[in-house]
Amino acid sequence: MAHPTQLGFKDAAMPVMEELLHFHDHALMIVLLISTLVLYIITAMVSTKLTNKYILDSQEIEIVWTILPAVILVLIALPSLRILYLMDEINDPHLTIKAMGHQWYWSYEYTDYENLGFDSYMVPTQDLAPGQFRLLETDHRMVVPMESPVRVLVSAEDVLHSWAVPSLGVKMDAVPGRLNQAAFIASRPGVFYGQCSEICGANHSFMPIVVEAVPLEHFENWSSLMLEDA
Amino acid sequence: FVSHNALPTYFLFASFTDCFSPSSKRQTEVRGVAKVEDYTLPAYFDRRESPLPDIKFVQQLSPDQKSLKEKEKGSWAALSKEEKIALYRISFKESFAEMDKGTGEWKSVVAGIFFFIGFTGLVVLWQRNYVYGDVPHTFDPEYKQKEVQRMLDMRINPVEGFSAKWDYENNAWKK
């Protein structure tokens, strides 16, 4: 989750998300350079005392300001395409989880070995334990083993939702009647928060997603416990 | 036989109106010109990039100015400094320095901006007091402290963000 007054991205828990952070810095730097240059030119134009109305053409500067933006665009496009293809790499997930969006909660199904399924509702504000995060906590978390490739199949039961966890670099729309696949690897243990990212009705802001990445033994203990409870 | 040395026909016409048929020339002379609008006449302007306007600034000269104009036809060395300045002011409204000075209008604009920002602040204050209800109990200071402790325990953003700034050995924020 974000700390108070945080403006930038959350720290990445996924290698592709790290790449996205670096690409964002790169693109933002280019954008800031261009904006500063344009702002400087505007102030220079407005405050100049020079007056010459009769410049008709100038081939050199026109060549420069045609070639240079093309070069800048290539500099932005190459890392962008690289990350795009990186995200679509063939991966071999160890685990497949189905995340189904309902109005207004998520349900997770772990059906690789046994049939484990549970709903994940937001904890209402008045029921929070002291220190829990308002509008972000859920009663059941989606537990995944850390450092394992996980495939999440996202769909919806009623209306459009979107399963998003920024730290893991995942945002995938939940479309009724369609299975969308997202993959991630949690490179560090921890709890990662996200929120539904497609307007879905009155409680759209109140159906968060919590992913807990734990070592494999803990994951096995947890899934056994959940199966007993079910 | 065909003559190849015929002059181009436009050399035979003496004036522009001769290019038209004699009947259209007569119509123009009979009808006259349309009403002259102000914006079609030469106008005076003060512009740095066009230093010589089409007309003088003062069109109707007073008797003093007329006599000054007569004196201008003689030697300019005989003119005093005030007379030269008076002649300049007949031809031009503003000097270059006056043109470039600017109006100071920006001060009124900035004052207006500040005024409306202040007014908006008053409206917001009123709203907070009379319209909005209480914030949730999660904004209490003790609750916030527990939240911060929980975030540190959970190692939220440990790489460069939140938990990276906490010194876990000494239980204090990093200097």
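Every residue gets a Cβ built from N, Cα and C, even glycine.
Feature annotations, reproduced from Swiss-Prot:
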BINDING   A:His161, A:Cys196, A:Cys200, A:Met207  Cu cation A1 binding site
BINDING   A:Cys196, A:Glu198, A:Cys200, A:His204  Cu cation A2 binding site
BINDING   A:Glu198  Mg(2+) binding site
TOPO_DOM  A:46-59  topological domain 'Mitochondrial matrix'
TRANSMEM  A:15-45  transmembrane segment
TRANSMEM  A:60-87  transmembrane segment
Env. residues of Cu cation A1 site, Cβ within 8 Å of mean position of A:His161, A:Cys196, A:Cys200, A:Met207 Cβ: A:Gly101, A:Gln103, A:Trp104, A:Trp106, A:Ser162, A:Ala174, A:Ser197, A:Glu198, A:Gly201, A:Asn203, A:His204
Residue counts (helix, strand, coil, in that order) that DSSP gives for the topological domain 'Mitochondrial matrix' (A:46-59): 2 helix, 0 strand, 12 coil
Beyond the site residues A:Cys196, A:Glu198, A:Cys200, A:His204: chain residues whose C-beta lies within 8 Å of the centroid, for Cu cation A2: A:Gly101, A:Trp104, A:Val159, A:Leu160, A:His161, A:Ser162, A:Ser197, A:Ile199, A:Gly201, A:Met207
Alpha-carbon distance [A:Cys196 (Cu cation A1 binding site); A:His204 (Cu cation A2 binding site)] in Å: 7
Position of peak Cβ density within 10 Å, selected from the binding-site residues A:His161, A:His204: A:His161
Number of Cβ atoms other than its own within 10 Å, given for A:Glu198 (Cu cation A2 binding site): 17
Entry from the binding-site residues list A:Cys196, A:Cys200, A:Met207 having the most other CB atoms no farther than 10 A: A:Cys196
Binding-site residues satisfying Cβ distance under 8 Å to any chain B Cβ, from A:Cys196, A:Glu198, A:Cys200, A:His204, A:Met207: none
Reported mean pLDDT - the topological domain 'Mitochondrial matrix' (A:46-59): 81
